[in-house]
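Reviewing the structure listed below.
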């Protein structure tokens, strides 16, 4: 025989439900004293369902129920997530760091050119940067050029001597140094020494908000920081290239005379016959272009630095790498433009 009792609670959101109660006296079993009934309320918008648990305790004396209710929040696994609102196709897309850094290079280069044409040059900073880029970089450039010249001399002398072309060695070395080796080697050394310094200095100023302080004080960072570095690099590199060419040829001649017995006069006479004024001019033009590439890229990477000390280190490394890539690309373009067709520079040396 089944008896039912109706329980109604005003705080429950579910409709009235009946609680079954078994008449256990008919079968000789002691009736239970506690019945637990679960009620499920409304679902939360985030997929969390709030349930109510009702504990019904039956009094052993008069069998009157006493209730206690508890609320529980559950997140069932099969609850469907709320569908997001419709978004634009490129609403969350942001350009890569290399993209907006690459776009900053022509912008900064254009601003520097406008400052130079208008005469807005901070001469004190320009002279300081010229001293750093020129005289203070001369030692490492000359040392590098000396050993590169001696290494090339070993290769050329061994091969040309077997062919009986001793009088062509000086001309070949002179053309190689003037057209390619001197501007490229000098630019690589300056990119590693000064390009990294430019990127690190401007990157540190950017992350420490010193550039913002300059703007507050009424000083433009382009005039005060970037333009002096670009001018110093473009002026110092041609003279460094000329010095490296001279030292490289001198070291080659000394090594040829001391080790292989080829007189210095033969090397110098061959170089004099092979060289043309345009070879020296083209080397200085190349080095000037390389200086502009190094300074603009390094300063652009510096002023776009983010992320604290880690960002400064990444900007410095990336600036040097991109400067070297720019140097090699520009060297190919300028060489193909300056030296077209068959050359006759070595005809007088044979």
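Using N, Cα and C of the backbone, Cβ positions are placed for all residues, glycine too.
The feature transmembrane segment is assigned by TrEMBL to 98-117 (among others). Cβ atoms under 8 Å from those of the transmembrane segment (98-117) belong to residues 222-223, 226-227, 230-231, 292, 296-297, 299-301, 303-304 of the same chain, restricted to positions at least 6 beyond its ends.
Residues or ranges marked as transmembrane segment in TrEMBL: 138-157 (among others).
Per TrEMBL, the feature transmembrane segment maps to 235-268 (among others).
Under the heading transmembrane segment, TrEMBL lists 289-307 (among others). Distant neighbours of the transmembrane segment (289-307): 97, 100-101, 104-105, 108-109, 112, 183-184, 186-187, 190-191, 194-196, 198-203, 205-207, 211, 221, 225-226, 229-230, 232-238, 314-316, 318-320, 322-323, 326-327, 330-331, 334; these residues of the same chain sit at least 6 beyond its ends, with a Cβ under 8 Å from one of its Cβ atoms.
TrEMBL lists 319-339 (among others) with the feature transmembrane segment. Listed by sequence, the residues of this chain that lie at least six past the ends of the transmembrane segment (319-339) yet keep a Cβ under 8 A from its Cβ atoms are 179-180, 183-184, 187-188, 191-192, 195-196, 198-199, 278, 282, 285-286, 289-290, 293-294, 297-298, 301-302.
For the transmembrane segment (138-157), the list of distant contacts is 169, 172-173, 176-177, 181-182, 185-186, 189-190, 193, 240, 243-245, 247-252, 255-256, 260, 262: same-chain residues at least six beyond its ends, Cβ to Cβ under 8 Å. Cβ atoms under 8 Å from those of the transmembrane segment (235-268) belong to residues 130, 133-134, 137-138, 141-142, 144-150, 152-154, 157, 161, 166-167, 169-170, 173-174, 177-178, 181-183, 185-187, 190, 280, 283-284, 286-288, 290-291 of the same chain, restricted to positions at least 6 beyond its ends.
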